[in-house]
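Student: The structure under discussion is supplied below as structure tokens; questions concerning it will follow.
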Amino acid sequence: MNTSGEIRNILIGVSGGIAAYKIPILVRLLRKNGYAVKVVLSPMGARLVSAETLRTLSGNTVYTEVTSSEYDMGHISLQEWADLFLVAPATANTLGKFRCALADSLLTTLGISLTVPLLFAPAMNDAMWANEGVQENIHAISQRHNCCILPIAEGELACGVRGAGRMVEPEDLYAYIDMATSSYIPVLAGKRILITSGPTCEPLDPVRVLSNRSSGKMGTALARAALYLGARDVVFIHGPQREQLPAGCCCVSVTTAQQMHKAVQAHMSSCDMGIMAAAVGDFSCAGDVPSEKIRREASGDSQGKYTLALEKNEDIAAWFGRHKSSHQLLITFSLETEGLERAAEKMRRKNADFTVYNTVSEGLEGDTTEIRLLSRASDAVVLHMHDVSKNDAARGILEAVVSV
């Protein structure tokens, strides 16, 4: 175990669900990003994914049976080594054993002996997921101080039907591990969060659009972080972003700034916190969009110059600030070239409670960022994170806004 509190040693427990096939992809992602990984297979898990594959990808021994002479007292050495324990897939059977503190395999034995954060990625048939007993087990586990039940995804299940119960993708699992800390406190328990993310696109003609380079990475990280920190519901209103959509959210797809504004209006009243992370276009094409493509040979003046008439879009964050209730928090983002004072002025003008300031060079398409969180109440920077992953930054922002 890392005594500095930093999470670097990841222990993965693989139980007997078909979603076990995703674990080698997760192991590669973790190793690629500098984590050390060890894997424990349940007896059924060992029938679904190759121990040799996991050994090769992790670079470490793969543990199977608690009674194996080769790994005698293996749970003790792994308990001392691990900074975090992820159970994925977490089947209904495995969750039931964890709830009852059964220790009939190395995987379940570790689950009742480890004090590090325990993350569970459920995976099961939709009918099993809806079962009252399964939900009682999930609720009971989630109440334990070091346990986090990750969201499920909806989609095609192993039984051939579509529904809830699918394990989230390796990229989601990696993001949750990347944002984890040595202690787990669900500071957003019971909260309803609204997040906007990605770019908007304004049509200029049937082919061309006016847009920006926002990837949606920060908004997606915030959605995952909100779920990780216990949010009851997350409404994720997104433009045409390249980043994979976060599982477990109510995702609302839009294209234009006007569509995003209408979606925010529709969902605002039910949220406790609005996070405006989208890069909403400031302008759209004035008047009606041409029904035919603007052709080069038919455009412009005698010098080849073409004038494009634009009109301002509604400032969605400012609208939210004008209409929010006293119990609602508004967090805005300010991607600036003019400095911190400009970001602070925009925060006050939009009636935001916090704003996240970063520069063009630090934001947009990268996986890392530097952010400064400004509080309107204290008129000061209350959080500064430098050269961190956007997953880390997202968790830090959300923890800070509820503690200030």
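Using N, Cα and C of the backbone, Cβ positions are placed for all residues, glycine too.
Got these off TrEMBL a minute ago, pasting:
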- C159: active site, proton donor (ACT_SITE)
- D282, K293, F333, K346, K350: CTP binding site (BINDING)
- 9-174: domain 'Flavoprotein' (DOMAIN)
- 188-402: domain 'DNA/pantothenate metabolism flavoprotein C-terminal' (DOMAIN)
- 1-192: region 'Phosphopantothenoylcysteine decarboxylase' (REGION)
- 193-404: region 'Phosphopantothenate--cysteine ligase' (REGION)
Student: Sequence gap of 6 or more, C-beta under 8 Å: which same-chain residues meet both conditions with respect to D282 (CTP binding site)?
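Tutor: Looking at Cβ-Cβ distances below 8 Å from D282 (CTP binding site), excluding near sequence neighbours, one finds K312, N313.
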Student: CB neighbours of K350 (CTP binding site) within 10 A?
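Tutor: K350 (CTP binding site) is surrounded by 21 other Cβ atoms within 10 Å.
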Student: So if I measure Cβ to Cβ from K346 (CTP binding site) and keep only same-chain residues at least 6 apart in sequence, which ones fall under 8 Å?
Tutor: T332, S334, A352, T355
Student: Could you give the Cα-Cα distance between F333 (CTP binding site) and the residue listed as 'active site, proton donor', in whole Å?
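Tutor: Taking the Cα atoms only, F333 (CTP binding site) lies 43 Å from the residue listed as 'active site, proton donor'.
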Student: Roughly how many Å separate the Cα of K293 (CTP binding site) from that of C159 (active site, proton donor), to the nearest whole number?
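Tutor: That separation, Cα to Cα, works out to 47 Å.
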Student: Could you give the maximum C-alpha to C-alpha distance in Å for the residues D282, K293, F333, K346, K350 that bind CTP per the record?
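Tutor: Largest Cα to Cα distance for the CTP-binding set is 37 Å.
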Student: Excluding near sequence neighbours, so keeping only residues 6 or more apart in the same chain, what lies with its CB under 8 A of the residue listed as 'active site, proton donor'?
Tutor: N125
